[in-house]
Structure formats: structure tokens, C-alpha cells
Amino acid sequence: MADLQTQMKQAVAAAAVEQIKDGMVLGLGSGSTAALMIQALGAKLASGELRDIVGVTTSFQGEVMAAELGIPLRNLTAVDRIDLAIDGADEVDPSFQLIKGGGACHVQEKLVASRADRFVVVVDSTKIVDRLNLGFLLPVEVLPGAWRQVQGRLAELGGIADLRMAQCKAGPVVTDQGNLVLDVSMAGGIGDPEDLECRINNLPGVLENGLFVNLTDEVLVGQISDGVAGVRRLQRRE
């Protein structure tokens, strides 16, 4: 039997797939919960429950998985619009602001989310927080030759930034764009995500950061109630 966290992720992934309609162009997110969603989508396509779906993936991992499941794919540049994007998050605050980028895919994830007519976030209950960045570091993608300079500028903004090192290779993590990632902890967490997103992205050498501000339309949360996995739809706090 799957552990409780996996059960929550499976429940919320299944709920997200129920929002998909025939003929949609879909943004297919990254991470463990999004992977379960892609698997559920593949099963519905294989059974004929869904038809004429086109996927736009946000990572190499998602592209490989979707292709293996027979989900038709296109590049972001080949579609005029995305009807629905479904993705996970590392943290979600009460105003539906997010931190993403634990898998270093946040640049493509943000491109897809911002293109979508509707962006639905799927998480388990451990990802819901009152304030961002108290429990999860903020990823900032930087040009390889600029990481030291950006590290210093982030310190001026009150952040401690460490270069993300790879687990299965010597040296740092390298993104799909060929860049490096700084993981940032802001003193006291992030009180104004919109302001900080702009400040960081204005630093020379920064490509993008993992704050997703004013993009999310709905948050589906997997939770356990009386030992049974279910789904709760969050209400946004304005």
C-alpha cells in the first residue's frame, strides 16, 4: 500500500485530470505530483476516455514520461495558446503565491503557466504554508558566469544564497537552459512575493526565479481524513 503522502498525491492528481476535456492543449508540469497526473492522463487517453489532447511539457523528465505514455506533444513555440496547465508546487501561501523550482525546471514552468488560460496547482497538504520561504529555499536561475555576482546582490536584499550542487554528478546542478541555480533563504521568509520577484529578476545575470505570483487560478490539495485520501479546493485569501 502506498504511504499517506503518495495517497494524497494520487488523489489530487486524479482530481486534476477530471478537469481535462477533449481537444485541450495542456501544460504538463514537473515533479512527483505532476508525474502522477501525467500517468493518469495517459491512462485516460489509452482507454479512449479522452481524445485529441496535446501536451506541452515543462521538463525533460515530463517529456520522456509523456512520450512513453503516448501523449502527443508540441513545443511551447508551436502552440498559440494553452487551455489548461496543471503543475505542482513546493510551497503555496494563502494568496495562492508559490515557490517552485525544486527540480530546477521553474523557467519553463513559468513560461507555460503564464501562457495558460487556466493554471491549476496540485499539491499534498504538506506544501501549504502561511508564509513562503520559511521551509523551502527560493531557486534563482543564473548565468554560469554571474553566480558570484548575483550571490552578492542577493545578500544586499537580505538573502543567503548557496549554489545548488548536484547529487549524482560532481559539481553544480545545470538546468535545461544550461544555467546554474542559487537557492536563497530570505531573513524572516518572503513577506511581499510580488516585490521580491521583480527585484530579483532585475538583477543582472538572473534569468528567472521560482516565485510564481498572481498566476494561480485554483489549488487542489490532497489530504487524509479518517485514514482516507481526499481532495480539498483552497479558497484564495485576497
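In case you wondered, yes, glycine gets a Cβ from its N, Cα and C as well.
Database features, via Swiss-Prot:
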- Glu109: active site, proton acceptor (ACT_SITE)
- Ser30, Gly31, Ser32, Thr33, Asp87, Gly88, Ala89, Asp90, Lys100, Gly101, Gly102, Gly103, Lys127: substrate binding site (BINDING)
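Recorded features from Swiss-Prot, shown on the structure.
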residue: Ser30; record: substrate binding site; Cβ contacts under 8 Å, 6 or more apart: Thr57, Thr58, Ser59, Gln61, Gly62, Asp87, Gly88, Gly103, Cys105, Glu109
residue: Ser32; record: substrate binding site; Cβ contacts under 8 Å, 6 or more apart: Lys9, Gly88
residue: Ala89; record: substrate binding site; Cβ contacts under 8 Å, 6 or more apart: Leu98, Ile99, Lys100, Val121, Val123, Lys127, Phe212
residue: Gly102; record: substrate binding site; Cβ contacts under 8 Å, 6 or more apart: Gly31, Asp90, Phe136, Pro139
Among all chains shown, work out which of the binding-site residues Lys100, Lys127 has the most CB atoms within 10 A of its CB.
-> Lys100
Which of the three DSSP states, helix, strand or coil, fits Glu109 (active site, proton acceptor)?
-> helix
Other CB atoms within 10 A, centred on Glu109 (active site, proton acceptor) | 30
May I ask you to report the DSSP-based helix, strand or coil state of Asp87 (substrate binding site)?
-> strand
Using the Cβ centroid of Ser30, Gly31, Ser32, Thr33, Asp87, Gly88, Ala89, Asp90, Lys100, Gly101, Gly102, Gly103, Lys127 as the reference point for the substrate site, which residues of the same chain not in that list have Cβ within 8 Å?
-> Gly29, Ala34, Glu109, Val123
